[in-house]
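Have a look at the structure below, then the notes.
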């Protein structure tokens with residue numbers, strides 16, 4: 001599909017307008033609404049700020065809240081604190097490259113201001129490209145240009161649009177993932193694998209995208225059994241599957257290995273400015289060169305699992321608490337939509353779902369009419385992906401909410417109030 005395609009031009013124009021409007025609204029509300037003073041990660045500013053820096057902060061400071069502070073900190077200082085390793089390096093590297101392009105302005109702007117400008121420009125670019133890539137993917141999968149156009153436009157209008165503009169990695173991740181899916185639909189497995197690997201270097205859940213590659217390879221294996229040697233095809237499938245796992249998992253493995261070298265291997269500690277050392281002392285952040293953390297002695301020393309467990313309290317029956325009920329309500333529309341979509345698709349294509357989208361009998365193939373749009377056969381793997389994420393997140397939410405209610409109800413009135421305060425304040429010092 002060429003860039004001059006009218007529907008693609010419409011998506012491009014609409015996405016740019018939405019992103020510009022988002023930046024204007026965040027600047028407006030950042031000026032007129034005071035910030036919520038949460039005990040979140042807020043490192044000190046090492047360089048003095050001039051009048052131009054204050055202007056940039058006023059216009060774009062709304063893009064740097066919450067987790068965005070971590071990405072900006074990593075882009076400026078690197079991975080100094082242990083909990084920084086919860087955030088993968090793809091987006092900070094992109095920000096560093098963006099600041100290099102703004103080098104002529106570094107005499108006028110501080111490093112942080114350059115990073116804020118990079119956040120605004122790069123996420124505008126990545127989110128627009130993600131919308132275009134989603135439209136292209138929709139045309140390939142749905143075979144219905146109208147539905148593909150609607151999906152891309154709704155993506156631009158999503159309430160999660162704010163995360164595509166802020167200093168988060170979602171925009172870059174979405175662009176890489178949608179592009180990888182589009183390449184896979186065109187049969188370009190190597191290009192798709194490379195893009196999926198880059199996405200896994202941006203966010204940890206990029207590893208889940210490995211399922212698309214494996215399903216495509218299994219589908220090719222099943223379709224070739226009738227004409228080629230099954231043993232030869234089986235060996236080819238095993239080799240390609242192992243190679244796919246290696247390629248997509250490599251960024252995650254290298255990132256974990258770098259953390260192990262930094263915190264678990266003896267060596268000289270990096271030079272850290274005094275204000276950042278003081279922040280670590282005040283907040284209890286672990287630095288390299290101190291006593292080896294507990295995860296270093298694990299059979300599989302993964303810092304990511306340790307950080308999610310200790311710093312963010314992520315785990316079955318723990319992260320989702322009674323105070324998260326408003327978030328559960330916010331997720332209800334999407335939950336209902338995915339459940340309805342899954343039921344509709346399964347009842348329409350029972351044999352396709354039973355065979356995992358890999359094959360179907362000749363009789364049923366002759367009886368079934370080809371579907372377009374959402375009921376297309378190609379939608380199967382994407383629906384499985386959505387349903388699996390819903391089941392995974394929903395199981396954590398349900399059991400976590402049940403556990404919190406059980407703790408509060410089973411406590412005595414006096415201890416119940418204390419327990420509720422502990423539940424609502426747990427990990428507040430980590431601010432995320």
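In case you wondered, yes, glycine gets a Cβ from its N, Cα and C as well.
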Exercise for the section: From the ranges 307-330, 379-402, grab the one TrEMBL calls transmembrane segment. Expected result: 379-402
Exercise for the section: Check each of the ranges 80-101, 234-255, 256-277 against TrEMBL and return the one annotated as transmembrane segment. Expected result: 234-255
Completion exercise
Which range of 51-72, 337-358 is transmembrane segment in TrEMBL? It is 337-358
Fill in the blank from the handout: Lying 6 or more residues past either end of the transmembrane segment (234-255) yet within Cβ distance under 8 Å of it, the residues of that chain are 85, 88-90, 189, 193-194, 196-198, 200-201, 204, 206-207, 209-210, 213-214, 217-218, 220-221, 304
Problem - Long-range environment of the transmembrane segment (337-358) - Cβ separation under 8 angstroms, sequence gap at least 6 - result: 215, 218-219, 222, 364, 371, 374-375, 377, 379-381, 383-384, 386-387, 390
